Amino acid sequence: MFPFMLFSTLFSSIFTEPREKMWICNSSDASLWYNYCDDMKFPISVKVEPCVTIKGTKGKLHLYYIARRDIQKLYLNLHISIKSMTLPMRKEVICREYGGDYSFCGALKGETVNTTIPFSFQGIRFSPGQYHCVVEAISGNSEEMLFCLNFTIIHYSSLN
């Protein structure tokens, strides 16, 4: 009995389940999904229309979740890695202390955030490969984490 307990204690981390991946979409040249990179796993829905194509996409990002903190002074820490290269962390300010450009700036804890954000990266050329982007949403003077998501994009072809 003791060897079994010792074995299961020492090697339990090896046999744990990987974090669940949330599929977003597939396009002709890419697949996109995310998983949580924090332990809070607060339900967040992410949808992209149309699905991302690496040749250049202009579309809308739909984000739906219930705020677990007041959304004030919101910024995103972006950690991006491309193949084996990691880019310097980028900090994007989304909401300032007294408002911002987005309707969810100033939302209170428990309120539903249901927003659509336009995006475009036409003219940018991506090489085939796997891209990772960790998005940490930080809010308030105490810099509390709202959520952390780890996005993965796999670019299949070299059609760009």
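The backbone N, Cα and C atoms fix where each Cβ goes, glycine too.
Range annotated as region 'Interaction with lipopolysaccharide' by Swiss-Prot, chosen from 24-28, 119-123, 154-158: 119-123. Long-range neighbours of ASN26 (N-linked glycosylation site) (same chain, six or more residues apart, CB within less than 8 Å of its CB): LEU32, CYS51. Nearest by CA distance to ASN114 (N-linked glycosylation site), out of the recorded positions CYS37, CYS105, CYS148, ASN150, is CYS105.
In the three-state DSSP scheme, CYS25 (disulfide bond) falls into the strand class.
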